[in-house]
Amino acid sequence: MKFSLISSCVALAVLVLSTEAAPNGKKVNIPLTKNKDYKPNAKNAIQKVLAKYHRHRSTSSSSNSTSTDGIGRVPVTDYYNDIEYFGQVKVGTPGVTLKLDFDTGSSDLWFASSLCTNCGYSQTKYNPNQSRTYAKDGRAWSISYGDGSSASGILGTDTVVLGGLTIQRQTIELARREASSFQNGPSDGLLGLGFNSITTVRGVKTPVDNLISQGLISNPVFGVYLGKESNGGGGEYIFGGYDSSKFKGSLTTIPVDNSNGWYGVTIRGASIGRSRVAGSFEAILDTGTSLLVLPNDVARSVASAYGARDNYDGTFSISCDTSRFQPLVFTIGSSTFEVPADSLVYEQNGYSCIAGFGYGDYDFAIFDDVFLKNNYVVFNPTVPQVQIATVA
């Protein structure tokens, strides 16, 4: 989950899907657009991801028109140097358009509301009294993170339009209070794409659950393309299919361990050039995190190979000249997938640079936007599995 300052965004043209996007099925597209003004902060990014997964450990043992083909395509905004992405979603009748952080590492759908006493001035606030399709739920929700940030409010149900597909009676979480880190963020809230076992309120169906159960998509997958700033930024989420023009070669199918509510996969090894720097470890595919977070021992091996220096805050300083770097290569399933040299720098401060990888105090990795902007992923929550290919 990521929050930061927002500026202007540029719409991304909707792209035509190939026939492979969703055989015999419906799909919707949510494009991503670009914002050049946000400045990254690696230390804050590490603190957010550590807090996010500590929280789960402790609590668990835009298209505005109606889609006629059932394909949901949603564009997303790409922040400065691919740091963050968000998409637009309509909630209510008449609908209010909200900018939401799409996050496969969580499962709640929550956003600022008119009931909020301290939500950010620039945030768009959903008003339940102005929606004809809103219904009260009566239950409360609250999210607290290890860094002290939090949000809380009440539950309700309403119509949610995702890439032109209309979800009926979707449970929504209306924020009544939120921490300053959310108030000053670029988005109005968060749309969780993880499994429903980690929703804050048990038994709540996620938007993906409802897309499937309400028959809005017949192919129960969503494809994720996160554009790189060097290629114009932007990107898109496609619900009900994927866009084969966005990747090279064929998709590699990887089984998913969803026992903790996440898209967990096994990384068989990591290498830089001809040097193997790590053996097998587990990883979570998380579109809501902006820094590649590795297990401590793996991170230090990778840092050593690149001559990076530990900053003792979860980040590494690295040379700003990436032209001499070889890509960081991960073996997943029967294939290898790269994080190229130009993605190894996350943040530049004068003559010093912060690496696009860091470390955490747990034994699994968080494969974030640094990995995902270089590799196309199709998520299938029903099998469960993911399919991965190198971006075109």
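Along the chain as shown, the residues are counted starting at 1.
Yeah, the Cβs are placed from backbone N, Cα and C, and that goes for glycine too.
Source: prediction; values computed, not measured.
According to Swiss-Prot, the feature signal peptide maps to 1-21.
According to Swiss-Prot, the feature domain 'Peptidase A1' maps to 85-389.
In the three-state DSSP scheme, Asp103 (active site) falls into the strand class. Swiss-Prot lists Asp103 (among others) with the feature active site, giving sequence analysis as the kind of evidence.
If you look up Swiss-Prot, you'll see Cys116-Cys119 (among others) marked as disulfide bond. Of all Cβ atoms in the shown protein chains, 24 besides its own fall within 10 Å of the Cβ of Cys119 (disulfide bond).
For Asp286 (among others), the entry in Swiss-Prot reads active site, with the evidence type sequence analysis. The secondary structure of Asp286 (active site), as reduced to three states from DSSP, is coil rather than helix or strand.
Taken from Swiss-Prot, the feature disulfide bond applies to Cys320-Cys353 (among others). Other C-beta atoms found within 10 angstroms of the C-beta of Cys353 (disulfide bond) number 21, with every protein chain shown included.
Of all the active-site residues given, namely Asp103, Asp286, the one with the smallest number of surrounding CB atoms inside 10 A is Asp103. Comparing the disulfide-bonded residues Cys116, Cys320 on other C-beta atoms within 10 angstroms of each C-beta gives the minimum for Cys320. With Asp286 (active site) as the anchor, the candidate recorded positions are Asp103, Cys119, Cys353, and the one with the nearest CA is Asp103. A straight line from the CA of Asp103 (active site) to the CA of Cys320 (disulfide bond) spans 29 Å.
For the recorded site, Cys116 (disulfide bond), the DSSP three-state label reads coil.
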